[in-house]
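Have a look at the structure below before the remarks.
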Amino acid sequence: MGSLTVEEVKKLRVVDLREELKRRGLDTKGLKAALVKRLKEALVEGEKEASGGPVPDPEPQPEPAAAGAVKETKGGKDEAAAAEGKSNPTLKRGREEEPEKAGEKEKVATGAAAEQTMGDAAAKVGAGTQLVVVKRQKTLAEEYKASAMSMVRVDANGVRRLSSLAAPIMLCEGHASEIFAMKFSPDGSCFATGSMDKQIFLWSTKDDCRNFSVLKGHKNAVLDLHWTSDGDYLCSASPDKTFRVWDAWQGVQVKKWAEHKGFVNSCCPARRGNPQLFLSGSDDGTCKIWDQRWKKSSRTLQDKFQVTSVAFSDHADLVFTGGIDNVVKVWDMRKSKVLYTLKGHGDTITGMSLSNDGNFLLTNAMDNTLRVWDVRPYAPQERCTRVLTGHSHNFEMNLLKCSWSMDDQRVSCGSADALVNIWDVNTGNLLYKLPGHQGSVNEAVFHPKEKIIGSCSTDKKVFLGEVDI
C-alpha cells in the first residue's frame, strides 16, 4: 500500500486498515473506528518525526476571497464583471461546487420553487444565494447497478473483467471437511464459511482471497451462519444444540444459547432494530427469538414438526418457518400464532431467503423446486408467483440454501448435481449452470456490490466467480 494521508484513512476498508497496521507493527484488533483512530495517530506521529516538530492535524483551509469575486444575484448578473465593464468567462459558479460524486447527479434550482431531476432536488431560498439540497435515497437496486457497472474493466491481457477479483475465478481451500454455509459481509470486503470441521473461516475478497481469521467453539458442524446488517457480528447454528453470536473482527464468541433440545438447523438476524434480535430453528420443533441483551430466549414458537429453515420479515414483525411438513408458516410475533401458511412444496423445505425489498420470500425444497412467494400484507390469495426448476436434491438430504441478488432480479440455490444454478426471477428462465465443484453445492450467494457469485460444497472448496448478471 502506497503512502497514506490522514484524509484517506477513513475511506479504507477494515481489511486494508488491518494490513496497514500490521505492516507498521501496530495492534490490529478492534472495530473500524478504533482502527482508523490508531492509524491516524501513527500517520500524525510519522509526520512529526519527519518534520522534526509538531504537525497539526490537516484541516481544509478556506480559499481567500479574490478581488472581484463572483456574486450571483437574482437576475443572474455578475456584479464584479459589471463593475469592470465586461464579463469574465473564467469565473463561473461551477468552480465553487464540490466534485460530483460517482453515481450521483445534482442540479440546482434557480427559482423560488424546487424542481426535482433524477431524484435529486435543489431549491433556492428567497432571492439570496442560500441553497437547500434535498436528495432522494437510492434504492438497493440502483446502488447495486451503479457499483456493478463501475467495476467493468479490461485487465493486462485484454480480458474483460466484471469485478475487483484478482482473477475471473478464485478457489479458496482450507476447511478439513464439507462446507455447509457461506455468506458475504454487507460491505462485500470478506465472506464467512461454516463447515463440518466445526469451524467458521473468514476470507478476504481482495487479492488472493486469504483466510484471515478462524472462529472456534462449536462442538459439531456449522450448518448455517449469517452476518448482522452492520457487518460486526456473525450468528451460527449447529447440531451441538447451540446458537452462537460472534464478534467477527475480534474473533471471539460473545453469546452462546443452549436452550434447544435438538439440532439447530437454521438461524437469521433481524435486518433492523436495536437491540439486535436473532432467530433459530431446531429439530425439537421450536423456533426461538433471541435478544442479544438476555441470557435466555425472549420468545418460543412451538411447531409440531422439525424446523429446518427460518427467516425474519423485513421489519421483524413476522417470522417464517419451514420444516419436514412441507409448509411455510408465517407467524405473528405479537401473538405468537400462525397468521397464514404457504402451501405448494411436496417435500422438506431446506432453505429460505427474503428479498432485499422485503416483498418476496424464496424457498428451496427437496421436491427439486424453488418457489417465490408474495409476502406483502395485501397480496392475492395465491401467493406463489413463480416456480423454478433445474436444480436437484439427492440421498445426502443436505439443507441446500437459496439467495437473492442485490437488485432482486436473479436468484440462486444449492444443488446436489455439483452445479451453481442462476435464474431470472421475472421470466423464470435458468440463465446459468456453472460447473467446477465435485460435490453437492450447499449454498450459492451473490456479492452485495459486484458481479460475483460465491459457492461452497461438500468437496471442501469455495469458488468465487465473475458472472454477467
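Note: Cβ is positioned from N, Cα and C throughout, glycine not excepted.
If you look up TrEMBL, you'll see 9-43 marked as domain 'SAP'. The average pLDDT computed over the domain 'SAP' (9-43) stands at 82.
Per TrEMBL, region 'Disordered' is recorded for 44-114.
What TrEMBL records for 71-80 (among others) is compositional bias 'Basic and acidic residues'.
What TrEMBL records for 93-108 (among others) is compositional bias 'Basic and acidic residues'.
As annotated by TrEMBL, repeat 'WD' applies to 172-204 (among others). Outside the repeat 'WD' (172-204), and at least 6 residues removed from its termini, the chain residues within Cβ reach (under 8 Å) are 13-15, 210-216, 218-227, 229-231, 234, 236, 238, 246, 248, 398-399, 401, 439, 442-443, 445-450, 454-464.
Taken from TrEMBL, the feature repeat 'WD' covers 215-247 (among others). With DSSP states grouped into helix (H, G, I), strand (E, B) and coil, the repeat 'WD' (215-247) comes out at 0 helix, 16 strand, 17 coil.
Under the heading repeat 'WD', TrEMBL lists 307-341 (among others). DSSP assignment over the repeat 'WD' (307-341) gives 0 helix, 22 strand, 13 coil.
The repeat 'WD' annotation in TrEMBL covers 342-376 (among others).
What TrEMBL records for 403-433 (among others) is repeat 'WD'. Beyond its flanks by at least six residues, the repeat 'WD' (403-433) meets 140-141, 143-145, 351, 353-357, 360, 362, 364, 370, 372, 386-388, 390-394, 396, 439-446, 448-449, 453, 455, 457, 459, 463, 467, 469 of its own chain at Cβ-Cβ distances under 8 Å.
The list of residues near the repeat 'WD' (307-341) in space but at least 6 beyond its ends in sequence, with Cβ under 8 angstroms from a Cβ of it, reads 265-273, 277, 279-283, 285-287, 289, 299, 301, 347-354, 357-358, 361, 363, 365, 367, 373, 375, 399, 401. Residues 139-140, 266, 271, 308-315, 318, 320, 322-324, 326-330, 383-389, 391-393, 397-404, 406-408, 411, 413-414, 423, 425, 443 of the same chain lie 6+ residues outside the repeat 'WD' (342-376) yet bring a C-beta within less than 8 angstroms of a C-beta in it. Per DSSP, the domain 'SAP' (9-43) is made up of 23 helix, 0 strand, 12 coil. With DSSP states grouped into helix (H, G, I), strand (E, B) and coil, the repeat 'WD' (172-204) comes out at 0 helix, 20 strand, 13 coil.
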